[in-house]
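Copied over from Swiss-Prot, here are the features:
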TRANSIT   1-41  transit peptide
MOD_RES   Lys71  N6-acetyllysine
MOD_RES   Lys71  N6-succinyllysine
MOD_RES   Lys84  N6-acetyllysine
MOD_RES   Lys262  N6-acetyllysine
MOD_RES   Lys262  N6-succinyllysine
MOD_RES   Lys304  N6-succinyllysine
MOD_RES   Lys350  N6-(pyridoxal phosphate)lysine
MOD_RES   Lys420  N6-acetyllysine
MOD_RES   Lys420  N6-succinyllysine
Amino acid sequence: MTLIWRHLLRPLCLVTPAPRILEMRPFLNLGASWTSVTKLSLHTKPRMPPCDFMPERYQSLGYNRVLEIHKEHLSPVVTAYFQKPLLLHQGHMEWLFDAEGNRYLDFFSGIVTVSVGHCHPKVNAVAQKQLGRLWHTSTVFFHPPMHEYAEKLAALLPEPLKVIFLVNSGSEANELAMLMARAHSNNIDIISFRGAYHGCSPYTLGLTNIGTYKMELPGGTGCQPTMCPDVFRGPWGGSHCRDSPVQTIRKCSCAPDCCQAKDQYIEQFKDTLSTSVAKSIAGFFAEPIQGVNGVVQYPKGFLKEAFELVRARGGVCIADEVQTGFGRLGSHFRGFQTHDVLPDIVTMAKGIGNGFPMAAVVTTPEIAKSLVKRLQHFNTFGGNPMACAIGSAVLEVIKEENLQENSQEVGTYMLLQFAKLRDEFEIVGDVRGKGLMIGIEMVQDKISRRPLPREEVNQIHEDCKHMGLLVGRGSIFSQTFRIAPSMCITKPEVDFAVEVFRSALTQHMERRAK
């Protein structure tokens, strides 16, 4: 594994000699009420790996003014992590810097979005060059970046997935995929898993099956949930179910080529087809690994059988690759490939543009024709020159810097290290995932698997932040830490993250004992 340009900048050093975690920068004036982070005892301060990047001096709004503007003018739905939300100022690769100059290791990458690193120099250079040439035109005119990108993206997908619709977000992509499925099948019913997140637009809210995203009013007509085949929290699961270096602590007596949990969940899927939808359906949406629900993996072989059942009912199979694509899972470039399936439609977003608004729907010529016969689909910003130039640069960086291989190597290493914490701490119920998409589920105890109360998970989350590590949250009760760093992450940085978690968990157990 090589990360070419980074090796030129950082030849040595795993840790700084005597770091001061989250050192305050007194030259920044953010108002008298801004206070230092919580002080931690000496034994809880893992050493942060070095970073040779110096952030610019912060010269914008004071922290208190930011809070006022947020309260007065921004949607109240826009909530932030932590009791004292971070005011982030600048990013460099896997690092983020706040307005006080404090440095954080970003292990959530903008909700699984910054794929090749914050402000990657090659991506930045391409964006700046395109910015000076052509920002926006329209798809009623041709421009090279769109066609160059389409050719590159199509080359990374198997036949017959070769027709590309460019849009701007995952919700847009999934809504278009819903429209395609219904236009092609002449049916209405679409199935998705409980715990699924496929967007927050009026139509995709029907596919999303998480209580906090549901309204009392009707929405997403024709969408039906089915049981999520969760081998840790669901009724069935064993010790060989997942395509992961780390399995659940649940035991089973399955032979190597057999999975009783998979068979039981398939029976539940058949039950949904028999009782909850029409004889002919439009389609089935599935994330290769559920993201927002806490990195939930299905039993091996489940999706393959489910796809066959859906097609037997006249439906199309849609893989939501918004979080799992572009090499993040390590073993394959596309998440659906890890299940040995070929979808009829693939949606992608987030990592496709490394944080620049961009998304795509890829399908077969036959399904694409079914849509255009029904309507003239148009998207003002979809396929704009800036997005396409950046998208091409992201694909080039993934290949040139072997980031898929890095995801496999470093991700497997990280999973095995976090699994040691599961064995060490009673409140770590499960460690799961593949490549650089990892979930750490917190429980009250391993036997009951009851979720650790939110306020306790919040404190562990705060402690990680105080030590310089940023991670995400997921699952129905927000009890799972979501780990999804940029694919440029290194093993020394993983070692730091594991030690931060160990320290935060130790502090939690000490608080419990008092």
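Every residue gets a Cβ built from N, Cα and C, even glycine.
Where Swiss-Prot records a feature, it is marked here on the structure.
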residue	record	CB count, 10 Å
Lys71	N6-acetyllysine	9
Lys84	N6-acetyllysine	15
Lys262	N6-acetyllysine	24
Lys304	N6-succinyllysine	13
Lys350	N6-(pyridoxal phosphate)lysine	27
Lys420	N6-acetyllysine	13
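In this structure, the C-alpha atom of Lys84 (N6-acetyllysine) lies 31 angstrom from that of Lys420 (N6-acetyllysine). Reported as a whole number, the C-alpha separation between Lys71 (N6-acetyllysine) and Lys350 (N6-(pyridoxal phosphate)lysine) equals 27 Å. The two recorded residues, Lys262 (N6-acetyllysine) and Lys304 (N6-succinyllysine), have Cα atoms 11 Å apart. If you measure from the Cα atom of Lys304 (N6-succinyllysine) to that of Lys350 (N6-(pyridoxal phosphate)lysine), you get 25 Å.
Annotated pair the residue listed as 'N6-(pyridoxal phosphate)lysine' and Lys420 (N6-acetyllysine), C-alpha to C-alpha distance, rounded: 31 Å.
Secondary structure at Lys304 (N6-succinyllysine), as computed by DSSP, is helix.
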